[in-house]
Every structure is written in structure tokens, then in C-alpha cells.
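Trainee: This is the structure I want to talk about, given as C-alpha cells.
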Amino acid sequence: MAAVSLGKKKGKAPEKRPPGKKQKRESFPAKSSRKEGIVSNLDGRKAKKKQKEVSSSAKRSKKDEILSDSDVSDEEIEEQEDVGPDSGSDMSSDGDDPFTDDFLQGSDEEGDIYPRTVGSELDSDSDVSDIEEKSRAIDKEKAREEEDAEAELQLNIKEEADEFRLPTEEELEEEARQPPDLPSLQRRIKEIVRVLSNFKSLRRQGETRKDYIEQLKLDLGTYYGYNDFLIEVLVEMFPVVELMELIEAFEKPRPICLRTNTLKTRRRDLAGILLNRGVNLDPLSKWSKVGLVVYDSQVPIGATPEYMAGYYMLQSASSFLPVMALAPQEKERVVDMAAAPGGKTTYIAALMKNSGIIYANEMKEPRLKSLTANLNRMGVTNTIVCNYDGRELPKVLGRNTADRVLLDAPCSGTGVISKDESVKTSKDLTDIRNSSNLQKELLLSAIDMVDANSKSGGYIVYSTCSIMIHENEAVIDYALKKRNVKLVPCGLDFGRPGFVRFRGQFQFHPSLEKTRRFYPHVHNMDGFFVAKVCVILGGNLKKMSNSMAAPTVTETSEVVEQISEPTASDVEGEVPQHLGKEHTAKKNASLKNNVPKDEKENNPKPTRKREDRKRFNREEVVKSREERREALREAYRAQKGGRKKGGSVE
């Protein structure tokens, strides 16, 4: 019976293959729908997998029981297959062959394995896609929040700007009793600057520009630490927007600069060596052929072997400018009136190629050590170091002895606040005036030392590290009135021109436009002032010339007559040559005072016409004087000898 049933199954197997194929084809859509559920829900996918594994294991065990029991009829097999969990499929069990069922079941199992592998790949892809979607959603949410925050901030700023008002006296008193609120001060400064930049449309009714400026001065002094005098001067000199840029620039350090010593090396070679040592640098600018700017360094820039060997000098960019304006030539006589620590002096020596003579003067004796050390390190051999007050140099070195003079005058230092913040509170109007008076005296001494007849020179360069008008334009204008000098272009193609007039307080000579001002917020260097003055001869104005005026023919004849008719006092004692001028001046004054008034009125001084004057050779005058003096000495000796002889005879 069992054998017959097996035979029947073998015979009927080919007839059931088409439905089996159909079942196999139809099983994939069901599984694909299951895969979609898995992709949509990860937890549900795992649960279904477990359920499927349990059902497939139960099905295998049931098939083994059926195939092992050969006495079971076809109807029982079909009934048992219908009882299984997968019996509800599209496949019909009437007259099925067990081998066909086994083949189909095997195909089902094989079909289960393939979709399971594809499902794992799809699962990984779905995980990646889920992460990407979530990250995109997070980015969108973050961007939306930032946009909302920015819009809210702008709205708040606009509302605050529209509602800004100056604080009342009660509020200021309350602020004075409490520690300063720096964020509030900064916000108020910005609002005041904004209102003053467009005062006509942004001001509140009943508030004047003066009210805003006074409040701005108070807030700037409190926030940045300036005294009342300095902040008032800065507010008067600059517009409010530029004033804020200048004050912010004073809070930041200036770049570190090097000057190549062309006596020992070239800039290209020095830059290559320092780059190899880990120094990040670039050429300073187009206007300098020897400057380098340092951004950062892995080694101490002031202690490298190249520095010790004198290949370069640590020097601010603004210190290059006076020497460039002076433009010294080879084989000249140059005076540096305030030389320490030697940066400008060594630069002059490099431009002169160690030729000519440089007088490096420094009044403060402790600073002579750094000056001499830098001169020796940089290989300078044409410099003489001296220690005098600059106002006495014309007496020491002589008048009309220098071709060029550099005066980097001592000043208040208001242009280098980034280096010395004590200037914010330590300087007042008295200090500025004292500096101005000293600078005027030094500049006149510098002019007196310059030879107006120099073939290649005759120039004075005046510079300060100050931005005060009292120390810059006012000093140059004073020199123009006291000496026969004129301003010439500095030779610097950048920088702002100097002031010609200032708020009705100052009115200067129009040529002061040739001076140059440098600011940290504009040129990224220390605040500096440079002026170049040329000495001239003659002129229509009555000025004290730096060169001795040549005597006229009439004056020479008067001098000769005076020498030819010596007085009794001249015969009694010989006057030393170096005291001749003072003695003659005193004697002329005494004679003038002894003249009666009637004689003065009756004998007025004759007026001489300028066109009748003739130049007289000074050498001839000096020669005639010496001859007359020698004759007087011989006559005096002869007279004295005669007296001695007469006394002995008696």
C-alpha cells in the first residue's frame, strides 16, 4: 500500500510542477512585502524573522515524520500539510506527490535563504539612509534656529537703536557708585558713534551734539583708561568713526619688523636663513628695500646667531621713515642729535657705506651703552659718539659744519601708546608745552649746524613719535619764522599731509602740507610725524640767519678805522682773540650810552640804500685786522721798552 502510494506520487509529480512554479513565483511578492515591513520597522523585522525560523523548523520535522511513515495515505499527507502554518498559500494539495512537495518545500527553503541575504544588504542601506535623513533633519533644524536667533537679534538691536537715549544724571550717579559695566559701556559707545555719524536723522529731540560728545568722552575715558585731556584732544582731531579705529589700533601691538644691515648681508639671503630657522616673515612693503616683517617665530628673534653677528636690527617700521627722508650721501658730515639706541644711526651708516663722518649724540649717559653696543655689533666704523645737550652742539661742533642733521626729537609719545600705555594717564597740557619748547630749541640748534653752502646737503629732518599738533606743525612753523629755511618734500609717497589750519586755533604756513603724518589705524605702524627742512641764504624777511652775513664796504672801513686808532685801554692790555667780539660789543654799548641825547637827535644815523651795498672779501678783512693788531702789538712793546729804559737811566 505504501509502495503504491509512492508510485502514484512519482507519476503525478510532473503534473504538479506548473502549480509549484507558480507558487514559487507568487512567494516572492509575499516576501517582498514582508521586506518592506522590515525596512519600515526594525523591531518588527526581527520578530518576524524569529517566527519564520520557528515555522520552518516545525515544517521540517513534520515532513520527516510524514516521509518516514510510508503507510500513511495521500489524503492524510494532504490533510497534515493543510494543517501547517503555511498551508493557506495558493498551492493546492489535491493529489500532490510527496516528492513534489518535498521539491517545492526545498525550493521554499532555498527561496528563504536568498531573500534573507538580500534583506541584510537592504537593512544596512536602510540604516545608512535613516542616519542621513536624521542628520539632514538636524541640520535643517539647526539652520532654522540660527536664522530665527539672528532675526531676533537684529530685531532687538533695531528696537534698542530706535529707543536709545542718553543716560540721565541720576543714572550716571548710580553708575559711578558701582563697578563699571564694560558691556553696557561698549554698547553705549557704539550707539553714540552711530548717532553722531548721522546726527541729523538719528538724534533725539532736545539733545544736542555737544551732549553726545561729552557722554562719548566720558565713556571712552572709562572704557579705555584715558585721562580727560588726551581723550579731548583726540576727539577734536578725528571724526568719531576714525577716532574709534585709532583707539582700537592703539590697543593692539604693531608688527615686529627687522632692518637688514646692508653692510654685512642682503635681504634675500637674510630671509632665507631666518626661514630655515623657523621664522615666518615677509618683505615689509614696497617703500622699503631692507625691511622684513615677522609674523611668528620658533626661536627668539632677538637672540639668533644672525642678530648677534649684526645681520639685522630690530626696528619699528616708522623708524625707517626719517632716515629715508634724510637720504644721506656718501662722504658727508651728518649729525644725529638724539641717536640712542642706534637704529637710525646704523641705518645712516649703511646708506653712506661707512664713508664720511657721523656724529651720534646722546644726552642721557646711561643710553650710551646700548648705542655703542649696536654700533659695534652692526660693523659701523665712521661714527663718533658724543654726550652733549643737543642745544649746545652748535658751540661744540661749530656752526655751518654739517651737511645734514637728523633730529628725532624727544616727545610725549602719544603715537606709541600700544608700546607704553602709561601715556594714557600720565600726559597733560603742561607736558605737551614743555616738550614743544624743548623741540623748538633743538630744531633751531640743528638749523644753525647745517651749512647752507653745502653742495650735496643743507637739509634737516625733524621727526617725532607724537600726533600732537603742538609738537609737530607748531614747531616747524616756529622755525620757519625764526630762520631762513623752507620746507621741501619728504620723498615719501605715502602718509597724510600735515595740518595747515586746525579748528581756528592754529593757522600755519601753507607749505606745511609737505610734512607727513602716519597713523596706526591707517598705515599699521606707530604714530609718527616727519618734516624735511632746507636751509637757504638771503630772504626778504629779517631773520637770524644760520650763516654769518658778509660785512659791507662801509662796515669794513669803520672796523679798519677803529683798529687804526687804538684807545688807551687797548694799549694798556692786549685783548685775547677769542674774547674780541664780546669786548668790542660791550665797548660799543658803553660808547653809545655816553653819547648825549642832543647829539643823537642832531646827528641821526645815515640811511644806506641796499642797492649801494657791495660785497667785501672776508679774507681781506681778517688779514687787515691781523696786520693792524700786529702793528699795535709792536708799538705797544716798543713803548713799554722805552719806558723801562727811561726808568733805569733815572
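Note that the numbers count up from 1, one per residue, in the order the chain is shown.
Backbone N, Cα and C define each Cβ position, glycine as well.
Please treat TrEMBL annotations as automatic predictions, because they have not gone through curation.
Values in this document were obtained by computation on a predicted structure and should not be read as measured data.
Checked TrEMBL, it gives:
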type	residues	note
COMPBIAS	25-37	compositional bias 'Basic and acidic residues'
COMPBIAS	131-145	compositional bias 'Basic and acidic residues'
COMPBIAS	157-168	compositional bias 'Basic and acidic residues'
DOMAIN	246-536	domain 'SAM-dependent MTase RsmB/NOP-type'
BINDING	A338, A339, A340, P341, G342, G343, K344, E362, D389, D408	S-adenosyl-L-methionine binding site
ACT_SITE	C465	active site, nucleophile
COMPBIAS	595-637	compositional bias 'Basic and acidic residues'
COMPBIAS	640-650	compositional bias 'Basic residues'
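Can you walk me through where each of these features ends up in the structure?
Mentor: Cβ neighbour count for G342 (S-adenosyl-L-methionine binding site) (all protein chains, 10 Å cutoff from its Cβ): 28.
The Cβ of C465 (active site, nucleophile) has 23 neighbouring Cβ atoms from other residues within 10 Å, across all protein chains displayed.
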Trainee: I need the least crowded one of these binding-site residues (A338, A340, K344, D389), counting other C-beta atoms within 10 angstroms of each C-beta.
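Mentor: Lowest Cβ count within 10 Å among the binding-site residues (A338, A340, K344, D389) is D389.
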Trainee: For G342 (S-adenosyl-L-methionine binding site) and C465 (active site, nucleophile), determine the Cα separation and express it in whole Å.
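Mentor: Rounded to the nearest whole number, the Cα-Cα distance is 16 Å.
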Trainee: Any idea what the Cα distance is from C465 (active site, nucleophile) over to A338 (S-adenosyl-L-methionine binding site), rounded to a whole Å?
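Mentor: Their Cα atoms are separated by 13 Å.
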